[in-house]
Amino acid sequence: MFSSIWSKRGGGVGGGDSSSASESHQPLFFTVPSIVGEEDLEESISLHSGRVVYSEYEDDGEEAEPDEEFWNELSGRASSSKQAPADIYLDIPTMHSARRSRDSLSEGLLPSNAIPPALTSNVGLRKYKDVPFAGLYLFLLLIMFLTGVILFFTTTSSRLEGYTHGAVFLAINGCAGSIAFSIVFTFVAAIVWIYFVRSCVKVLVWSTLTVVPVVAAIMFIWVIRASSTGKLRDSGDPDPQDDSLRILSLAPLGICAIYASLLYWQKRRVEKAITVIELASEILRDNPEMLKVSLLILGVYIAFTVIWLIFFSRLFLVGHMIFNNGDGIWVMDTSAHLLIGFFLFMYLWTSAVLGNIQRREPENFKEQSPTQIALSHAVTTSFGTVCFGGLILSFVQTLAYITRFFKKKLKGKLNPIFYCIYIFMQCLDGIVDSINNYSIIYVGIFGMSFCSAALEATKIFRRNLITGLKTGLITKMILYIGSVILALTCGFATFIFATHSLESPYGYVAGIIASLIPFYISQFITNIMMNTIDATFFCYAIDLDVNMNHCNMAHEAFS
């Protein structure tokens with residue numbers, strides 16, 4: 001949905017109908033004609049023998065002019081040698097000719113109706129790409145829903161009444177109100193944030209960087225204090241979950257230190273990030289339908305999350321009760337553990353698929369809305385590509401979660417090994433996420449398969465020696481810190497409630513769920529800005545690749 005940065009009011013990537021644009025409202029993106037030298041002009045036109053018959057003219061001192069047939073053939077030959085839009089993304093881009101412009105640079109800022117045809121493909125009916133992955137995703141999603149429905153009608157929690165030990169279901173069920181409040185609170189906070197970030201970027205960014213260290217420090221003190229007030233075991237030792245809380249409290253302390261140093265030492269980079277965010281805000285103001293569609297996708301995601309959470313909690317009822325000295329302990333079956341892994345994987349995959357649909361770009365449009373076309377292609381011709389990209393990303397994220405789980409559970413010699421693997425998986429997750437972002441953007445522009453789009457997008461960055469990781473690091477830190485703070489707050493609150501009030505030995509499970517869901521929900525709002533920035537940066541990379549300038553603001557922000 002976010003390549004409309006070049007498609008709004010015509011021109012650029014996905015040019016559209018500009019007849020409704022008023023002259024007083026100039027487009028944000030435009031094309032500056034290139035001024036070529038005589039050598040380039042001579043190379044762009046092949047030399048042919050003239051067809052002027054000089055015997056027909058008298059030598060009266062006036063310059064002879066060629067006949068009309070000669071110019072018609074020459075113009076036809078020039079138009080036939082025009083480069084196809086996709087040809088500029090070959091391994092070695094060929095040089096294309098440009099018309100000589102006698103206008104000054106300011107006079108060369110073309111109105112929207114004079115912008116040349118878009119650099120993107122002019123595909124009218126796109127072919128289906130990566131269809132097997134779309135079929136695989138829908139098949140596994142159907143299996144997940146059927147399994148959840150069967151468990152919902154065949155399992156009951158009546159056998160757990162009066163017993164709390166070993167019952168994960170009771171921890172999740174007891175924290176259902178906290179989790180529901182986290183979802184609603186996160187949604188409202190995200191809406192308020194996107195409203196203010198569109199109107200007062202600079203004030204919001206500096207306020208965020210000032211408040212975050214204070215909030216993180218308060219959270220650190222709160223968690224440390226809560227971990228020391230937990231109920232002791234019969235042996236007099238503290239609950240291991242309280243020990244885990246003390247370790248987890250280092251996370252907000254680290255955030256406090258990082259953002260305090262960012263505020264003090266990285267002011268110049270923060271100003272650069274503010275320029276980028278302001279550019280994205282202006283694009284969103286010109287394309288309000290991107291926000292509407294993102295909110296629609298978010299609504300679908302929240303509905304899916306609620307249904308998934310109901311089904312997921314039922315997985316912990318697949319087991320049997322064991323009595324030890326009159327105390328009942330619920331033991332889960334082996335099949336339940338496999339289903340838990342499957343449900344978690346499908347949740348991450350669905351989150352990635354919906355995120356890619358949100359990131360999916362429109363192509364040329366005339367009568368229809370660009371967001372309608374984008375959504376139509378994202379759930380039809382490009383749905384397989386969206387699922388493929390989400391599969392790769394969710395697979396890496398699942399491996400990272402599994403590695404982190406074993407890192408916490410295993411002690412001794414194996415712990416450093418899993419710690420190194422976890423660090424590697426986190427780095428790989430960041431790289432795969434960036435490749436997935438730009439590949440989906442490229443798919444939206446050209447309608448290619450995921451692998452082809454990833455290869456071509458990588459070539460564009462490699463040819464111009466630029467990378468999106470360095471450019472967007474500070475920007476991501478500013479935009480995503482709100483999601484992180486919300487997730488940590490909801491997670492810690494639910495963790496402490498389940499451990500101290502419910503006295504559940506599985507309070508950490510409820511805490512993980514209560515932090516994971518708000519994080520992904522708030523990310524859908526944050527990604528509205530981040531996807532716009534990524535798409536703008538990718539268009540800037542295309543500009544460098546073809547030696548053009550469609551937006552001065554983008555070149556100033558990213559250069």
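Backbone N, Cα and C define each Cβ position, glycine as well.
Where the annotation comes from TrEMBL, it is an automatic prediction and has not been curated.
These come from TrEMBL:
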type     : residues : note
REGION   : 1-25     : region 'Disordered'
TRANSMEM : 136-155  : transmembrane segment
TRANSMEM : 167-196  : transmembrane segment
TRANSMEM : 203-224  : transmembrane segment
TRANSMEM : 244-265  : transmembrane segment
TRANSMEM : 293-316  : transmembrane segment
TRANSMEM : 336-357  : transmembrane segment
TRANSMEM : 438-457  : transmembrane segment
TRANSMEM : 478-499  : transmembrane segment
TRANSMEM : 505-521  : transmembrane segment
Contact between the transmembrane segment (293-316) and the transmembrane segment (478-499) (3 or more Cβ pairs under 8 Å, separation 6+):
no
Among 167-196, 203-224, 244-265, 336-357, 478-499, the most Cβ pairs under 8 Å with the transmembrane segment (136-155) come from 336-357
When only pairs 6 or more apart in sequence are counted, do the transmembrane segment (167-196) and the transmembrane segment (478-499) reach 3 or more Cβ pairs under 8 Å?
-> yes
Long-range CB partners for the transmembrane segment (478-499) (under 8 A, at least six residues beyond its ends), listed in sequence order, are 171, 174-175, 178-179, 182, 185-186, 189-190, 193, 205, 208-209, 212, 215-216, 219, 222-223, 226, 230, 239, 241-242, 245, 248, 251-252, 255, 259, 270, 273, 277, 506-508, 510-516, 518-519, 522-523, 526, 529-530
If one takes Cβ-Cβ under 8 Å and requires six or more residues beyond its ends, the residues near the transmembrane segment (244-265) are 209-210, 212-213, 216-217, 219-220, 223-224, 226-227, 230, 408, 474, 477, 481, 484-485, 488, 492, 495-496, 499, 508
